[in-house]
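Presented below is the structure to which this report refers.
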């Protein structure tokens, strides 16, 4: 049997996005991938051909943040 939870809020209360809060708290732990991404962006800024990109560095940074957030987020959602 599956039970659905109902969340009741008063008009003056707002839901808080826990993921955004946790992402902000995890960003300092992912400084190295962020610096690598920012350095890549600076290198690529002058590329007029559009051949260069920083997709790999971006995903390295986002993966680092997600890896930090995931266990904490699911604890908050229970």
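Placed from the backbone N, Cα and C atoms, the Cβ positions cover glycine too.
Secondary structure of the domain 'Ubiquinol-cytochrome C reductase hinge' (17-78) per DSSP (helix as H, G, I; strand as E, B; remaining residues coil): 50 helix, 0 strand, 12 coil. The domain 'Ubiquinol-cytochrome C reductase hinge' annotation in TrEMBL covers 17-78.
Cβ neighbour count for residue 68 (disulfide bond) (all protein chains, 10 Å cutoff from its Cβ): 18. What TrEMBL records for 26-68 (among others) is disulfide bond.
Taken from TrEMBL, the feature disulfide bond applies to 40-54 (among others). Long-range C-beta contacts of residue 40 (disulfide bond), restricted to its own chain and to partners at least six residues apart, with a cutoff below 8 Å, comprise 54, 57.
Cβ-based neighbour count (10 Å, all protein chains) for residue 26 (disulfide bond) stands at 18.
Residue 54 (disulfide bond) has a Cβ environment of 18 other Cβ atoms inside 10 Å.
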